[in-house]
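Asker: One structure, as structure tokens, below. Some questions next.
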Amino acid sequence: MAQSNSLKACVPAYLKEAQLIKQGAEARVYRATFLGRPVVIKERFTKLYRHPEVDEKLTRRRTTQEVRSILRCRRAGINAPVVYFVDYTTHCIFLEDIVHSVSVRDHIASAQTPQHLQALVEKIGEVLAQMHDEDVIHGDLTTSNMLLVPGAEHQHIHLVLIDFGLSYISALPEDKGVDLYVLEKAFLSTHPKTETLFERLLKSYSASSKKSSAVIKKLDEVRLRGRKRSMVG
Amino acid sequence: MTVVIGFEGSANKIGVGIIRDGEVLSNPRRTYITPPGQGFLPGETAKHHRSVILTVLQEALDEAGLKSADIDCVAYTKGPGMGAPLVTVAVVARTVAQLWGKPLLGVNHCIGHIEMGRLITNAQNPTVLYVSGGNTQVIAYSERRYRIFGETIDIAVGNCLDRFARVIKISNDPSPGYNIEQMAKKGTKFIELPYTVKGMDVSFSGILSYIEDAAHKMLSTSQCTPEDLCFSLQETLFAMLVEITERAMAHCGSQEVLIVGGVGCNLRLQEMMGVMCKERGARIFATDESFCIDNGAMIAQAGWEMFRSGHITELSDSWITQRYRTDEVEVTWRD
């Protein structure tokens with residue numbers, strides 16, 4: 001990768017050998033090996049556009065939150081990558097590499113008919129309900145942040161949630177409703193004409209959690225809130 | 001050659017612009033300015049628009065050196081916006097269209113901003129950040145729609161800035177946002193404010209409540225200056241906007257950003273967006289206040305695209321609407 005020498009000097013040794021695979025909104029993602037295992041390294045580098053105080057605070061908080069939420073999900077039996085190591089000085093997280101996986105986004109884009117996707121969206125609804133029952137708010141639910149591991153597809157769909165950088169812990173139906181609202185918008189704008197699929201996802205979410213009725217009620221409220229429907233100026 | 005005249009007056013600006021095949025022939029505008037501490041109310045804003053719209057129309061024609069016979073289509077803002085000002089402008093547009101015997105065309109205000117930005121900057125397929133007093137959206141084009149990937153879940157960023165300006169009585173002339181931008185340059189102390197990003201969405205109402213409450217306390221005890229507050233507010237709000245724009249770019253795999261809307265002419269926002277783009281090898285496109293801020297030419301430009309692809313609005317359908325989402329419009333003029 002193209003980097004100036006001055007920058008290279010402060011790059012940790014493990015990243016020099018790592019292979020950059022993606023630059024997301026707030027982190028660079030590398031592929032490497034760690035103690036003989038394939039890992040993905042997520043590096044929250046300094047964002048020069050924002051004020052140093054804002055940057056420092058967000059970076060530290062998000063690194064911590066990401067690791068905490070992953071642990072909480074995994075303890076509850078929700079698939080998320082294993083955290084192998086965290087370097088708080090360089091804000092790097094070493095995560096299990098989910099090998100041979102495809103993002104749900106790419107999977108939906110390549111599916112021939114929506115019928116093929118029904119079982120998948122039902123699974124997504126189920127996993128999200130389980131996550132919300134643990135009071136984990138993902139904060140950035142999109143189809144890019146869900147991985148699908150191919151295998152015995154029909155009986156068992158192996159879905160892995162990733163990218164918990166904006167996550168936090170909350171039991172409020174409001175926060176869970178917004179979490180679903182964020183997914184709804186990302187889902188429908190990324191995959192046009194999938195309204196019925198998303199409805200199915202919500203139905204499965206409702207069926208999978210006892211606390212869902214309050215959340216869905218909040219979701220309906222959030223949809224109508226503020227300037228989203230009535231936009232002035 | 002196709003000549004389109006556009007009428008815009010969805011908020012406190014009233015403008016008439018004329019476009020001939022991508023060339024802006026004229027674009028005069030007036031702004032309804034309220035005293036410090038006050039916002040603009042629909043009824044009074046409409047009254048202001050009524051009092052100047054014919055003068056602005058005459059200016060537009062004179063400056064362009066055109067007569068009514070040279071116009072091919074009359075475009076006006078159908079929405080979204082404030083009801084009373086929208087009606088005022090629509091009445092004039094309907095009247096001149098009938099007087100001149102020209103077809104009418106109702107245009108979505110947000111689409112106007114996007115098409116004007118594309119025309120002026122030549123951006124091909126950008127991720128659009130649309131930021132103004134009434135709107136905060138991150139938009140990308142796919143399958144014949146401008147799709148909204150992220151937006152505010154409560155108030156718009158410009159509304160947050162305007163209302164903060166009212167709290168500490170910053171002048172509305174030429175605009176509260178401009179005055180905040182100038183004051184922010186003199187701010188030195190950073191005051192921590194809430195930072196609320198939800199995926200590709202943002203929320204500003206909590207920040208506004210916080211700063212409304214903190215401003216008087218901190219100012220009366222000399223813990224900070226009004227300039228520090230302006231600086232901290234801008235730094236926080238704009239960091240959130242740049243972050244959601246970058247997230248949408250990463251999600252869509254886009255390498256271009258276009259900033260439109262009144263807040264888009266803020267140079268600090270443009271600078272921060274530029275730094276972000278440089279970090280990921282993307283390009284930034286922005287325009288100055290003449291085209292960022294609401295104007296008639298942007299309605300003419302969107303109207304030009306629509307008219308050329310076969311749209312017109314029948315007189316019986318030439319109503320206005322306060323609610324009109326960007327993604328409701330089928331974009332028939334792009335592949």
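Using N, Cα and C of the backbone, Cβ positions are placed for all residues, glycine too.
According to TrEMBL, the protein carries these features:
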| type | residues | note |
| --- | --- | --- |
| BINDING | B:His109, B:His113, B:Tyr130, B:Asp294 | divalent metal cation binding site |
| BINDING | B:Tyr130, B:Val131, B:Ser132, B:Gly133, B:Gly134, B:Asp162, B:Gly177, B:Glu181, B:Asn266 | substrate binding site |
| DOMAIN | B:29-300 | domain 'Gcp-like' |
Asker: For the binding-site residues B:Gly134, B:Gly177, which Cβ has the most other Cβ atoms within 10 Å, all shown protein chains included?
Answerer: B:Gly177
Asker: Which ones in the same chain are close to B:Asn266 (substrate binding site), with CB under 8 Å and 6+ residues apart in sequence?
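Answerer: Result: B:Gly177, B:Glu181, B:Gln234, B:Phe238.
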Asker: Under 8 Å Cβ-Cβ to anything in chain A: which of these binding-site residues pass, B:His113, B:Ser132, B:Gly134?
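Answerer: Near chain A - Cβ to Cβ under 8 Å - we find B:Ser132, B:Gly134.
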Asker: Between B:His113 (divalent metal cation binding site) and B:Ser132 (substrate binding site), how many Å separate their Cα atoms?
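Answerer: Between the Cα atoms of B:His113 (divalent metal cation binding site) and B:Ser132 (substrate binding site), the distance comes to 10 Å.
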Asker: Looking only at Cβ atoms, how many others are within 10 Å of the one on B:Ser132 (substrate binding site)?
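Answerer: That number is 28.
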Asker: Return the residues near B:Asp294 (divalent metal cation binding site) by Cβ distance under 8 Å, restricted to its own chain and a separation of at least 6 in sequence.
Answerer: B:Glu8, B:Ser10, B:Ala11, B:Lys13, B:Gly15, B:Arg29, B:His109, B:Ser132, B:Gly262
Asker: Measuring CB to CB from B:Tyr130 (divalent metal cation binding site), give everything in the same chain under 8 Å that is also at least six residues away in sequence.
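Answerer: Within the chain, B:Tyr130 (divalent metal cation binding site) has Cβ neighbours under 8 Å at B:Cys110, B:His113, B:Ile114, B:Thr136, B:Gln137, B:Val138, B:Ile139, B:Val260, B:Gly261, B:Gly264, B:Thr326.
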Asker: For the substrate site as recorded (B:Tyr130, B:Val131, B:Ser132, B:Gly133, B:Gly134, B:Asp162, B:Gly177, B:Glu181, B:Asn266), determine the largest distance between any two Cα atoms, in Å, rounded to the nearest integer.
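Answerer: Site span for substrate, by Cα atoms: 18 Å.
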Asker: Hey, which of the binding-site residues B:His109, B:His113 is the loneliest by Cβ count within 10 Å?
Answerer: B:His109
Asker: Indicate whether B:Gly177 (substrate binding site) is helix, strand or coil by DSSP.
Answerer: helix
